[in-house]
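J.: When I checked TrEMBL for this same protein, it listed these features:
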BINDING   94, 149, 286  substrate binding site
SITE      110  site 'Increases basicity of active site Tyr'
BINDING   171, 201  Mn(2+) binding site
ACT_SITE  172  active site, proton donor
DOMAIN    196-417  domain 'Glycosyl hydrolase family 4 C-terminal'
ACT_SITE  266  active site, proton acceptor
Ligand SMILES: NC(=O)c1ccc[n+]([C@@H]2O[C@H](COP(=O)([O-])OP(=O)(O)OC[C@H]3O[C@@H](n4cnc5c(N)ncnc54)[C@H](O)[C@@H]3O)[C@@H](O)[C@H]2O)c1
Ligand SMILES: O=P(O)(O)OC[C@H]1O[C@H](O[C@H]2[C@H](O)[C@@H](O)[C@@H](O)O[C@@H]2CO)[C@H](O)[C@@H](O)[C@@H]1O
Ligand SMILES: [Mn+2]
């Protein structure tokens with residue numbers, strides 16, 4: 001029998017867990033789990049999601065042993081893979097991350113702008129804790145594949161605080177955009193070969209090949225007119241929430257103004273921030289949409305299944321989100337050297353960016369981790385944008401580690417979504433109060 005794997009999902013109570021488990025079990029012939037452990041610090045939430053995970057295992061691989069636990073030793077002992085997807089502070093804190101900046105007419109977003117900086121200050125120490133559990137209990141060749149956001153700040157902080165940890169930080173946004181591109185180009189997502197550079201949630205596609213064929217210019221022409229919204233009949237994207245449809249459509253405005261490269265959708269928050277704020281509802285943000293949508297749906301489904309024994313699981317199967325993390329894990333497990341966009345220490349890969357930047361670029365995923373491709377020099381506009389954002393992220397990591405108010409204020413002030421140091425200080429001071437149970441003390 002080929003090797004089987006013990007896999008932990010950190011943040012087992014996540015709305016994405018059933019979808020990730022489905023994607024894992026789809027690969028059981030190549031990537032067989034002996035044990036799946038859900039680990040969370042919120043037992044009741046995890047137990048509810050666990051009801052649906054148990055159903056997914058019954059449906060797709062009943063041989064898998066399922067463990068739900070809040071005990072780190074039980075969760076991590078001899079673990080081979082750890083999928084991390086914590087939301088420190090839950091959606092309630094995401095709501096504040098989004099609403100506090102909007103009070104000052106600044107972008108309110110989960111991972112970008114002041115919301116992302118606040119989220120980063122909450123997540124750094126809990127992520128270190130997970131790494132330390134893995135170092136203490138997991139198999140010596142463990143790999144953490146991390147989705148926990150804000151991945152850019154988490155990646156930078158973990159490299160500084162735990163440089164030897166076997167952790168690979170990933171993001172499904174570029175993959176989701178490539179899914180849309182595959183709908184637009186009428187090809188298979190897995191045939192798309194992207195050239196790309198940036199930081200997490202702050203990057204650009206420089207070339208899109210389908211197999212050997214360069215289809216970049218054709219795609220740019222489409223995106224200039226339609227953004228990343230595929231033609232009606234070709235994609236499940238049409239069923240996304242309205243705010244996501246707006247995000248995909250908004251790429252056309254970025255493409256028209258900055259025609260060199262195809263943007264990550266997150267660039268809208270940094271380059272079109274005033275428009276974003278103008279169209280934001282300060283009393284009902286994306287966090288509210290998710291709490292009233294995805295989060296409510298999954299707990300209603302668990303309730304329904306527990307009472308009726310009936311459930312349609314398909315709405316919880318998450319497409320590229322689950323597929324991507326499993327593709328990366330399998331490449332690590334079997335040394336497949338698959339080419340994926342992941343976060344890696346720059347070390348000259350992007351020639352004119354700082355060596356210590358955590359860049360998101362194409363890498364070959366080996367059993368020893370990502371091998372970066374060489375991107376070369378990037379044009380001035382993109383270099384300037386990235387260096388400002390990278391310095392902001394570097395300063396918020398240092399602020400967390402040193403407990404430095406001054407560095408936190410500098411980080412907020414450097415963020416392109418924030419118009420002045422005065423506004424930065426107002427938002428920071430209000431966020432310090434809102435996050436008093438989560439942030440390191442800043443003096
Ligand atoms: N990297 C990406 O591209 C990507 C894509 C999607 C989601 N995400 C991230 O994945 C995470 C989960 O998203 P979600 O919407 O499912 O969140 P969610 O709130 O539904 O679930 C998160 C879970 O994490 C748990 N948790 C919080 N702190 C913890 C800790 N210290 N230890 C263990 N568990 C802890 C919570 O109790 C909760 O059950 C978020 O950080 C989100 O931003 C990242
Ligand atoms: O606003 P959300 O919680 O729906 O999504 C925020 C995340 O958006 C990107 O990931 C996914 C998203 O999780 C999924 O719901 C769907 O909308 O598509 C997105 C792209 O696949 C982003 O990569 C994550 O970092 C965000 O947390
Ligand atoms: Mn992401």
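Every residue, even glycine, has its Cβ placed from backbone N, Cα and C.
Looking at the shown structure, can you explain where the listed features end up?
T.: Neighbour density for residue 286 (substrate binding site): within 10 A of its CB lie 22 other CB atoms from the protein chains shown.
For residue 110 (site 'Increases basicity of active site Tyr'), applying a Cβ distance below 8 Å and a minimum sequence separation of six or more within one chain yields 94, 97, 98, 116, 119, 149, 150, 286, 287.
Classification of residue 201 (Mn(2+) binding site) by DSSP places it in coil, neither helical nor stranded. Residue 201 (Mn(2+) binding site): 25 other CB atoms within 10 A of its CB, across all protein chains.
Counting every protein chain shown, the number of other Cβ atoms lying within 10 Å of the Cβ of residue 172 (active site, proton donor) is 18.
In the three-state DSSP reading, residue 266 (active site, proton acceptor) counts as coil. Neighbour density for residue 266 (active site, proton acceptor): within 10 A of its CB lie 23 other CB atoms from the protein chains shown.
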J.: Please go through the recorded positions 94, 110, 171, 286 one by one and keep those whose C-beta falls under 6 A from any atom of ligand 3; give the result in sequence order.
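T.: Correct list: 171.
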J.: Hey, of 171, 172, 201, which of those recorded positions are within 10 Å of residue 266 (active site, proton acceptor), Cα to Cα?
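T.: 201, listed in sequence order.
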J.: The record lists 94, 149, 286 as binding substrate. What's the largest Cα to Cα distance among them, in Å, rounded to a whole number?
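T.: Taking every pair among 94, 149, 286, the longest Cα gap is 15 Å.
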J.: What is the total of other Cβ atoms whose distance to the Cβ of residue 171 (Mn(2+) binding site) is within 10 Å?
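T.: That number is 25.
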J.: Which are the residues of the chain, 94, 149, 286 excluded, whose CB is within 8 A of where the CB atoms of the substrate site average out, their centroid?
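T.: Residues close to the substrate site, other than 94, 149, 286: 87, 91, 97, 98, 109, 110, 111, 115, 119, 287, 290.
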